[in-house]
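Annotated features in Swiss-Prot:
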TRANSMEM  87-107  transmembrane segment
TRANSMEM  114-134  transmembrane segment
TRANSMEM  171-191  transmembrane segment
TRANSMEM  241-261  transmembrane segment
TRANSMEM  273-293  transmembrane segment
TRANSMEM  301-320  transmembrane segment
TRANSMEM  325-347  transmembrane segment
TRANSMEM  366-386  transmembrane segment
TRANSMEM  409-429  transmembrane segment
TRANSMEM  457-477  transmembrane segment
TRANSMEM  482-502  transmembrane segment
TRANSMEM  582-602  transmembrane segment
Amino acid sequence: MNLFSTSVAVSIIILVLPIVASFTNIFNSPNYPHYVKTSVSYAFTISLIPTLIFIATSQEMMVSNWHWMTIHTLKLTTSFKLDYFSMLFTPIALFVTWSIMEFSMWYMHSDPKINQFFKYLLMFLITMLILVTANNMFQLFIGWEGVGIMSFLLIGWWHGRTDANTAALQAILYNRIGDIGFIMALAWFAINLNTWELQQIFILDNNITILPLMGLILAATGKSAQFGLHPWLPSAMEGPTPVSALLHSSTMVVAGVFLLIRFYPLLENNKTAQTLILCLGAITTLFTALCALTQNDIKKIVAFSTSSQLGLMMVTIGINQPHLAFLHICTHAFFKAMLFLCSGSIIHSLNDEQDIRKMGGLYKTMPFTASALTIGSLALTGMPFLTGFYSKDLIIESANTSNTNAWALIITLIATSLTAVYSTRIIFFALLGQPRYPALIVINENNPLLINSIKRLALGSIFAGFLISNLITPNNVPQMTMPLYMKMTALFVTIMGFTIAMELNQLSLSLKMTTQSPYFNFSNMLGFFPMTIHRILPYLNLSASQNMATLLLDMTWTEKAIPKNISDIQIFASTSVSSQKGLIKLYFLSFLISLLLVLFILT
């Protein structure tokens, strides 16, 4: 082992130490969160060593030391793939998690189980790193399921609330659907290729059938909340804000996109799979951008922006630019984590108020948070020379110049424009204007835990894109020439979005809507998707099963089939054999009438 692999091992050991310490008395110490946060910061510093070595040498490494098991001829080893993707993603994930943990020490300080919370956050990070560095599908599946179960525990952290429990259950159920696809792909590779090692899969068969790729796409759809399996993502906002920040920036939701990036050697030879990914991503990015326009919960707006960016990453994979999608994952982590931390800062300061209509004027009372939120929103829209610009602009350029579906490109451009609209809406509602919150609320953002964490991410949101795009050489040939109007398309649609938002803001001061528009209802009710999937379909299933149980089974089997049939047979037999009908009441009545007639005649 050399310095490259040794420093990676040291980073992992440092991260595991607080987990081991949780089985001792240290876990009961009030300083445990500080230990966890410090461990992550040390792990980040050490993880820079292999990353810098990789940047200097561009030498990938695969570490495979421990033979796990052999099932017939299928050999499983614990192997780590230290390549372009894992070496670049690991320090970014550690840096973002370090900032989120420092923020959590301020945000969750009054929580009685804060030590357990930090332990869960750390386990969440470790499972994501297992997923990123895995060199075989089984190891990747362990990390995949790990982030799933940790997200369930963290989204449902405030388990006394019904909404939190429902959201956690929703997240795990939607991910179960995706996991079916992953398991089907595992089974196909085991049966047909007899291996789960990534290198062997890529070498053995490049012209692979669509079936395992469909399984992988289904898995990515569930984990990365693409259209159809997306409702769990906004619901996941019921968890604490640090959980939302970690979930949306560098863990969980990017795992699905990362899976497809890992398998790009198979996808690039299958145009059907690429077209499917492109269309799925384009629909997702537009639909979620439309939903974000009318939301009033600040965290849900940021959550829908995540889903929209995930759709953009899927579009990038669909046009066969996996390295560009990965670059967007890396740049997106910084400003998305910062947007959530700024939202958490505002929510905490306003006594857990999340409605942007009840905010306003925060640039006066919370200047630091307001500045960071503005930087994050501008980076999200792809403002030139902020972090988001370096990946988003390239994605739009690549989509413009690729032989792709024109509708997918138009949809992506509209969604990019809408990103600017809802980002500006947050700034207008939350930061500008007059305060709309109670005057008695005391606002104080002068806490080093809060300021330092947001400050680091703000610096990342400004400089990280420039550093990443300049340090890492592209693995494919970029477009050398391009007309000016195509080059400026991304900037043009973003500025158009800002202009629309400004105009809408001016109009909203004077316009009074008498009735709600159906388009507004469609956007505000999330396309009626949750209502249909979570209310109408379960109700129809329940009523159908109830009718089947009561009407079909009970009435047919326990009433008509046996008792009624037996009685009908007995009656038919008795009437056939006997001349008497057995009508006792009629006999008594005729006897009474004849008796009365006789008495009447005699008297």
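The backbone N, Cα and C atoms fix where each Cβ goes, and this holds for glycine too.
Here the structure is a predicted model, which means the values were calculated and not measured.
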With pairs restricted to those 6 or more apart in sequence, evaluate whether the transmembrane segment (87-107) and the transmembrane segment (273-293) have 3+ C-beta pairs under 8 Å.
no
Is the transmembrane segment (582-602) close to the transmembrane segment (273-293), in the sense of at least 3 CB pairs under 8 angstroms with a sequence gap of 6 or more?
no
Recorded stretch, among 171-191, 241-261, 325-347, maximising Cβ pairs under 8 Å relative to the transmembrane segment (114-134):
241-261
At a threshold of under 8 Å on Cβ distances, which of 241-261, 325-347, 366-386, 409-429, 582-602 pairs most often with the transmembrane segment (482-502)?
409-429
Are the transmembrane segment (409-429) and the transmembrane segment (366-386) close, by which I mean at least 3 Cβ pairs under 8 Å that are 6+ residues apart in sequence?
yes
Counting only pairs at least 6 apart in sequence, do the transmembrane segment (325-347) and the transmembrane segment (366-386) share 3+ Cβ pairs under 8 Å?
yes
